[in-house]
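Taken straight from TrEMBL:
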SIGNAL    1-33  signal peptide
BINDING   Asp82, His190, Thr192, Glu358  Mg(2+) binding site
BINDING   Asp82, Asp363, His367, Asp404, His405, His490  Zn(2+) binding site
ACT_SITE  Ser132  active site, phosphoserine intermediate
Amino acid sequence: MASCLRFASARCVLLLLSGLLFVLICDIDRAQGASVYKSPNLDDARFWRRNAETYLKKVLMYDENRRMIPSVAKNIIIFVGDGMGIASLSTGRIFKGQRAGRSGEEEQLSFDNFPNTGMSKTYNTDRQVPDSAGTATAMFSGVKTKYGVLGVDYTITETNLEAAKLPSFMDWAQEEGKRTGIVTTTRVTHATPAACYAHSINRNYECGAKIPVHLKNRIKDIARQMMEDAPGKNLNVVLGGGRNHFGASMPNHLKPEYQFQGAMEKTCMRTDGRNLVEEWKLRWNGTNAAYAWKTSDLRAVELDKVDHLLGLFNDDHLSYDTVRDRTPDGEPSLSEMTEAAIKVLQRPDSAGFALMVEGGRIDHAHHQNHAHLALAEVVELDKAVETALKLVDLDETLIIVTADHSHAMTFNGYPDRGNDILGFGNRPNATPYETITYANGPGFLQHRWNSSLLSEESTDWATWIKLNQLNRSEVTYKHLSAFPLPDETHGGEDVAVFASGPGANLVRGTFEQNYIAYVMSYAGCMGPAKRFNLACDDDFPRTAAKASGAQRAVSSIVLVIASLHAMVSLVGRM
């Protein structure tokens, strides 16, 4: 009996120790977080390319009427609303309508009418909630990658940059003889535009001052990559901000009335003494090239004659559209830059063009809980899309509008129809909260109240009456956040993708974000998916839609036969 009890006691102790060990292991796992998790996929470039290719084949097989599928997009424009998640679209649409004196809910954005929509999954290979560098790399190269890296796959280390490099759709377009350009409201070296042309282990290496000493002799900063390496040096149009990073600062050009805070406002200065803008001018000296640093410069350019246009309109990011200097000595709007870019790129005797346009300050405004500034940036992106639609032929131009990721912003409450979208989501006799709130960010502290002062030591929330004393119409006002952070975070939910023009039918369903690059590749007859599009063959008949009578009938028969052949071939490859 005693031995049994001793055995039972020992067993209990053993079980207890095992349980403690299990808890300890779980705690270690939780502490290590993502480093413990291993993806079920290899996550290398080959895997993501195969993934996108498989989805492309699946979509092509879905279409029952294949006669209109084989087509070519001579031109491709992708608009990226940085941080423009579903909540930003919905509230931005209402904001647009209310600024025009309407209720807002029934308003439409210019791309709401696009015939095809889909949903893009934005996670990075190592993060549930991504950053702009990894997402832009996925959209532009067709390969998902890690958080914070540009133009490289997930294998990137300090010693294998060359092996990890990924070509972007700008490389593909230039290989096909297309003209290329980027337009952004951020620095042109910032994450989204940089993913079009740069390859870096760290998105912050925008100028040499940011690169660690032990790497300075081994890698180039992003500004140098634009000016010295393909495809950046071959871009026909570059419009945005970031003069500091090119050694071309003009500190007396603009003196902003408002000083905005946050990590996104940090810039860097070149320390190598080079002025890359002057070097750009010398390189293109004697050719049709122009440099612009203010709005009047841009308006003076003969857009239908220049082959290369560089415009840097601010030392840092461009100003928010709400506070932008609209004088000739100030900064052009996103829509004006978009118009200029298309006029430079669109040539009747060319093979077409590829253009990336980014509304980048949507993201920056959200990071500081400036909902009003963010929604104004959404409306300006919408205007840029509308501008493009007036300038291009949709029979030969694919336009995609999407976001790289979302934000921790919510559209909530029970406000009345037509209520101010920037107002309150409930009734005055209740604890006040705004229709637009954030899960986290610096707005937390602005809504704490201590006597007549707002401070970190505040112990109570502002009442409805006191909230009215905050001057909610002020440009620097921050909407309420639930958790205090210096910068609000991104959101991880899927984002919308809108498409119109040749190849738009490929945008459907819910897909991995890297698939977007394959849509552009297939439709534009460039890059890895070109081989799947029969219309990319020079001998393939493309005039069926414009022919008439017997010509149209014959062309249709040829299309059907060729399409059936394509379906058989695709089945064989799957």
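Placement of Cβ uses the backbone N, Cα and C atoms for every residue, glycine included.
Of the recorded residues, Asp363 (Zn(2+) binding site) and Thr192 (Mg(2+) binding site) place their C-alpha atoms 11 Å from one another. The separation of Ser132 (active site, phosphoserine intermediate) from His190 (Mg(2+) binding site), Cα to Cα, is 9 Å. Residue environment of Thr192 (Mg(2+) binding site) contains 27 other Cβ atoms, counted within 10 Å of its Cβ in all protein chains. Surrounding the centroid of the Cβ atoms of Asp82, Asp363, His367, Asp404, His405, His490, where the record places Zn(2+), the chain contributes additional residues within 8 Å, namely Gly83, Asp131, Ser132, Ile362, His366, Ala403, Ser406, His407. Note: Asp404 (Zn(2+) binding site) has non-local neighbours Val80, Asp82, Gly83, Thr122, Pro130, Ser132, Thr135, Ala136, Met139, Thr192, Val495, i.e. same-chain residues 6+ apart with C-beta under 8 A of its own C-beta. The least crowded of the binding-site residues His190, His367, His405, His490, judged by other CB atoms within 10 A of its own CB, is His490. A straight line from the CA of His490 (Zn(2+) binding site) to the CA of Glu358 (Mg(2+) binding site) spans 17 Å.
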